[in-house]
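Under the heading domain 'Major facilitator superfamily (MFS) profile', TrEMBL lists 1-359. Residues or ranges marked as transmembrane segment by TrEMBL: 20-39, 46-66, 72-94, 106-124, 130-154, 192-209, 221-240, 252-271, 277-298, 310-332, 338-356.
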Amino acid sequence: MPGLISNFYLNQNAVAHLTTAVQLGFIIGTLLFAIFAIADRFSPSRVFLVCATTGALFNVAMIWQGNTLSTLLLLRFLTGFFLAGIYPVGMKIAADYFDKGLGRSLGYLVGALVLGTAFPHLLGDVLSSISWQTVMLVTSCTAVFGGVLLQLLVPDGPYRKAGSALNFKQLKDIFKDPNFNKAALGYIGHMWELYTFWTLVPAILILYIKQHPETSLSVSLYSFIIIGAGSFACIAGGYLSQKVGVQKMAKLFLLFSGMCCLIAPLLLSTAYYPVVIVFLIFWGMVVIADSPLFSTLVAQRAAPSVKGTALTMVNCIGFAITIISIQTLVLLQSFVPLMYVLPLLAIGPVFGLLAMRDR
């Protein structure tokens with residue numbers, strides 16, 4: 001992202017705007033995918049391939065030197081739009097294959113998503129002498145390759161039940177089940193924190209380096225490690241959920257991540273950087289580990305014929321929350337030091353835990 005910002009002479013606030021454009025595109029995409037029941041009416045693997053390829057094309061178009069902030073925002077929006085056919089559709093594919101052990105399988109799926117999110121940071125470190133344009137090209141080609149592999153190797157699952165075009169009554173009925181709503185609200189609370197934390201990881205590291213100039217560390221490499229560590233947490237959480245219970249593990253991870261939000265100012269003020277790195281890695285693990293578990297609860301509590309639509313709708317609402325969260329914290333850090341803004345991320349975990357409490 002820094003290379004792109006400097007290449008097009010954008011100010012630093014553009015990072016938040018470009019991130020928000022992706023989120024907004026994803027929201028509109030998931031809303032339309034839900035209304036037209038795309039994941040339930042058509043082969044999920046085929047939808048995945050089409051969206052992976054189209055999204056990659058809009059992503060690689062970022063390297064065109066004639067881009068302006070307006071066209072970059074449009075391209076980010078369109079990339080986000082077609083991501084609506086990746087993440088929720090991928091969860092639908094997993095749900096079509098696993099009747100039992102869905103938490104474990106979604107742990108692997110979300111773990112792969114986390115690595116994909118962290119991957120550009122690794123490229124930025126390993127290929128530090130390579131242009132940002134090359135990084136964009138590599139990630140786009142990887143996306144197309146993944147879509148082709150899925151289409152070739154993963155046919156429709158045995159538990160797939162094709163749905164019909166969604167009517168608004170079905171959409172309303174999805175949210176009539178109190179147990180479904182608990183899972184959905186827990187996921188929404190989790191989303192308030194997740195993407196804002198991921199967006200701010202490089203800024204947190206840069207802030208720490210400025211406060212402790214004697215510390216030498218690669219922002220790109222440690223951003224990859226902190227975010228990527230969540231991949232292993234998703235997988236481990238999936239296995240643990242089979243022994244402890246999906247809902248119990250989801251609530252436990254949500255509690256841990258909420259605590260990280262609250263104690264962040266204290267730990268980030270220490271001069272002992274290994275403590276800071278270990279803390280951020282732990283935070284990077286617990287902030288995402290509950291995601292596949294909440295998705296499991298949503299999938300299990302939705303009617304089979306609208307399972308894909310239910311997952312897509314909950315994703316839509318969750319990502320809408322991320323826009324508010326990201327923009328709010330980015331705005332506040334203009335007036336308040338970043339480390340003292342981070343506790344506001346705890347709003348999400350607290351909301352999620354309250355929504356999921358037993359009544």
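Every residue, even glycine, has its Cβ placed from backbone N, Cα and C.
TrEMBL entries are annotated by machine, without manual review.
With a cut-off of 8 Å between Cβ atoms, the residues of this chain six or more beyond the transmembrane segment (192-209) that come close are 1, 15-16, 19, 23, 117, 121, 215, 217, 219-220, 222-223, 226-227, 257-258, 261, 268, 273, 276, 280, 283-284, 287-288, 291, 319, 321-322, 324-326, 329, 333, 337-339, 342, 345-349, 351. Looking at 46-66, 106-124, 130-154, 252-271, 277-298, the range that has the most CB pairs within less than 8 A of the transmembrane segment (338-356) turns out to be 252-271. In summary, the transmembrane segment (310-332) lies against the transmembrane segment (20-39): three or more C-beta pairs, each 6 or more positions apart in sequence, are under 8 Å. Proximity of the transmembrane segment (20-39) to the transmembrane segment (72-94) is established through 3 or more Cβ-Cβ distances under 8 Å for residue pairs spaced 6 or more apart.
The transmembrane segment (130-154) and the transmembrane segment (277-298) are not in contact, since fewer than 3 Cβ pairs between them lie under 8 Å (pairs 6 or more apart in sequence). For the transmembrane segment (277-298), same-chain residues at least 6 beyond its ends with a Cβ under 8 Å from one of its own Cβ atoms are 91, 102-103, 106-107, 109-111, 114, 180, 182-184, 186-187, 190, 193-194, 197-198, 201, 204-205, 217, 222, 225-230, 232-234, 236-238, 241, 246-247, 249-251, 253-254, 256-257, 260, 264, 267-268, 310-311, 314.
When Cβ-Cβ distances below 8 Å are used as the criterion, the transmembrane segment (252-271) is approached by residues 186, 189-190, 193, 204, 207-208, 212, 233, 237, 244, 279, 282-283, 286-287, 289-290, 293, 339-340, 342-346, 348-350, 352-353, 356 of the same chain, each at least six residues removed from its ends. Note on the transmembrane segment (106-124): residues 87, 90-91, 94-95, 130, 132, 135, 138-139, 142, 198, 202, 220-221, 223-225, 227-228, 230-232, 234-239, 241, 288, 291-293, 295-296, 299 of its chain, located 6 or more positions outside it, place their CB under 8 angstroms from a CB of the stretch. For the domain 'Major facilitator superfamily (MFS) profile' (1-359), the model gives a mean pLDDT of 85.
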